[in-house]
Amino acid sequence: MGTTASQLRKDLLSEYQELTFLTKQEIILAHKRFSELLSKEDRNLPTPRVPMEKVLSLPELKSNPFRKRICHVFSTSDMKDGSLTFEDFLDLLSAFSDSATLEIKSHYAFRIFDFDDDGTLDGGDLEKLVNCLTGETDDTRLTTEEMRQLISNILEESDIDKDGTVNLSEFQHVISRSPDFVSSFKIVL
Amino acid sequence: MANSVDFNLSPIMELELESLREDDTAQDSMCQLIRVTGTGLESGSPETLEMEVLTTEGRDRMASQMSDVRERADERRLQRSEESMQTDLLVRNRWSAATLRVLSSMPSRSVGQQSRLEIISQCNIRSTQLRRYHRQNQDVSLSSRPRIRGYGIEADSEDVCEEETKRQELVINLQSLSAGDRVRMMRATPLSLAEKTKLRKLAFSDKVGQSLLSSQVPCCSLLKRALYHVLFGCLFILSSLQLWQVALKRLGGRFGTGVLSYFLFLRTLLLFNVFLFLINSLFLVLPQAIHPPLHTPSSHRVTGLELFTGTGYLSNSLMFYGYYTNSTINTSCRPDEATAGTGCGTTSDPHMMAYNIPLAYFFTIGITFFITGIVLVYSMSKSFGRSFRVFKSQGNLAIKVFSSWDFKVSKKMSVRLQSENITTQLKELLSEVNGGEEEKGRLSGMALHLLAWSISLGSTFFCALGIHCFAKHMHLRRLEDAEGEVSLVHEARLLALPGVVSCGNLLLPGLFNLVSWMENYNSPIVRLYVSIFRNLLLKVSILGVLCYHWLGKIAAEPEQHGLQCWESFVGQELYRFLLMDFIFTVLYTVFGEYIWKLFSQGVLRRRRKPVFDIARNVLELIYGQTLTWLGVLFTPLLPAVQIIKLLLLFYMKKSSLLVNCQASRKLWRASQMSTLFISLLCFPSFLGTSVSVIYTMWTIKPSSGCGPFRNLPFMFHSGKQWAQELKSTNPKLAWLNWVHSCLVENPLFLFLMAGVFLMVIYVNTQVLDGQRKIISLLQEQMENEGKDKKFLITRLQAIHEERQRPLSPSSRPQPQGSEV
């Protein structure tokens, strides 16, 4: 499952084409960009891993407030350090591609927004999410009162079984009502 | 049957209560359980119970009824204390390990964790559904992302065994699916790529190294494979032809989805025009170009102005209607034998191909309009379906929070802007949801709105009136000029009317902006819709006046206006309008946007650059396209002009955007807006033009001196004549004529079609209504399930706590006398 120094094997290419939503050109481009991120000695390893800092230096992810969560969600590393292999990278691009289904996108969006990885979006997750959306600077953040109101409104609207958290099905139900989600949940290299 | 249920329950309950009254706390809790459950079941219909009681046994039941009332009061008290205990238990959150284990393996929570279990089970279910088997699969496990379990409970060993068995099941299921389904299934599973390759190897170990898409299938689908290859080749070509892909990505990254929708709309219009141009040139322009008609060469001075006015040597060219002959071209004919009115050679010779120009003209225009109409309606319905929500919820806060972040945006500045945008929107929505709008000075608000509307409507009316009078004046001047020498000034005067109209189109929207700024709408969406409506009204009224002028006055009495060939004249007018519109847009972009930016940054010292006005620009595009569609009948090559104009417009707007403007701070609902644009393109624009084209073809007499329809009473008579000819020459095709007369000339058919459409619409709305009702019922049911869940958790915890508590005097049963 590794890649040779500069070229992607043909059988791997066709396999990736089948298993992801990416086209051939996109996979080749992804391979090129991934190889640029690798350091020289890593290139000869069978399954090289790129540390999270290098991944975050990609221009498409550099300014994204969810970049760290994206790396953590797609990483298969045992040490949970957010490092990505080439296949993880392809998974990332596939989920964010044009032709990915709403189901896949909403699944991964849920995992990205689940900051504490407990399987549901509770009040803490929602607060962190809103803070990511509104930005780093202080003048754009919501006040505590507004935050509390916002979270209670969100839970009122989306928590159907009233258990105080938003689980995956409820999240997908909310997303299915939004026509803009599919077009905004996209990253193209 | 609810009554009978209740009736059965109450005697049971009474017995239970009687027997359990002396029990200890453990059984007391059971008693409470039954009571509360009973209350829950009965809560909907205590009245029915009473009714049942009264109607059946009368006096005997009166006594029990009294005890029922007392019981209910007791139950209510118990329920209240029960509820408070429940919330108490939930809030306190000192759950035992057993409770936690149960909680963490609840299906709703493990779905969110997406342990391999749930993913593969869903995958299994879907694949078995595909095979039409009904096997229920339990939780399975295959690794996906880091194994996440709440509260740190470790996996059991039996889970691993389950994993293996379920993996085998999935492998078997996958092997039995077809290739396409397999690919789709694999792609749509949210597992990691490593896992998917493992699965693939297991399932297709005999086919390692081969692509699933080209797997061996028996002989007759060699054709299928070839078809696949051709299809993929075509798709590849189409995708590489994606015009301006890189530029659009850059624009989207910097300015967001709103501005991107304008450019995507531009690209759609370009494709429409390319289609029009190709069909026209293939069937109309090329044949006529190959066999040019005879005409007396007129001496025209070649000045550069012809390009703008469309007169001079251009008026006798392929551009305009007047050039086309009404002859039938036969391929064996020499061009100089073609005479007006008769075909050359004999048409009965089967080896000669006869190409009837008037017929071709009529049918080409008709068919292009028909196909354009169908494509428009189809894309409009698709776009509408995407943006319509079946169940309109109260607020949009959750949707806004979950789906408003545009991941495409990559520049730091734009990301910051987006954050600001979202903050403003969230704050606005919050204040809307909580406070509602203040009713400050309703009367003065109404008066202001009235004033604003009267200003805008009045200015539109006066603009239209002014154009009407100016057009009449210009015609009189032209008549005077035509009597004298043809000079440059006279030619230039032809450009006056288009210039005035474009000026009006440019200035009045600015006035509308000012007026709406004065009105100070609370909601930006209402403001946007109002401004679009006013602009639309302006353009519709201008075009209406012009159409009345051309089709109503000029076409009806061409001699009065000194024209031999009124169709060419109308075509030239439209050509001039299109060009002037483009020139004014260029001027506005250069002077308006660039100089305004310098002004606002230099003089007004604003930090922000001006914002790209999407609505106004899109309406300009729609106006240009309307002119093109109006003109296609009279100027077959007008789509080519529009194509060139759109191409230039794209690059100009793009560079102007990058230099002058910045991303908007306003709310932009991209998908609803693109639905709006397509429907504006379809309804006022395309419908209006097709109505005017049909009106021209059916009711206006074509000029007798020029064009393919000379000497015919109406344009559509060419089709009629051909049908009659066909009937006489080829009686086998007579049924076509019959079909034609049945469908087109008989109004009953149209009524029938309209009736069918209305019925379909009615059925669909009823289905929609029913679905809404079902959705609300299901939501209620889900809420009740949630309440049940809460209740069971608290009972579990309470029982556990009871067990933990050492036996103490407080747990002894209370003396019975105080209860009744």
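Including glycine, each Cβ sits where the backbone N, Cα and C put it.
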Range annotated as transmembrane segment in TrEMBL, from B:492-512, B:618-638, B:639-659: B:492-512
Of the residue ranges B:38-59, B:60-81, B:126-147, the one that TrEMBL records as region 'Disordered': B:60-81
Tally of DSSP helical, extended and coil residues in the domain 'TMC' (B:565-671): 80 helix, 2 strand, 25 coil
Range from B:259-285, B:492-512, B:532-551 with most C-beta pairs under 8 A to the transmembrane segment (B:450-471): B:532-551
Considering the transmembrane segment (B:673-698), which listed stretch of B:259-285, B:359-380, B:532-551, B:748-765 counts the most C-beta pairs under 8 Å: B:359-380
Folded-back contacts onto the transmembrane segment (B:359-380), same chain, C-beta under 8 angstroms, at least six residues removed: 268, 272, 275-276, 279-280, 283-284, 287, 324, 629, 632-633, 675, 678-679, 681-682, 686, 690, 693, 697, 708-709, 715-716, 718-719, 722
Taken over the domain 'TMC' (B:565-671), the model's mean pLDDT: 82
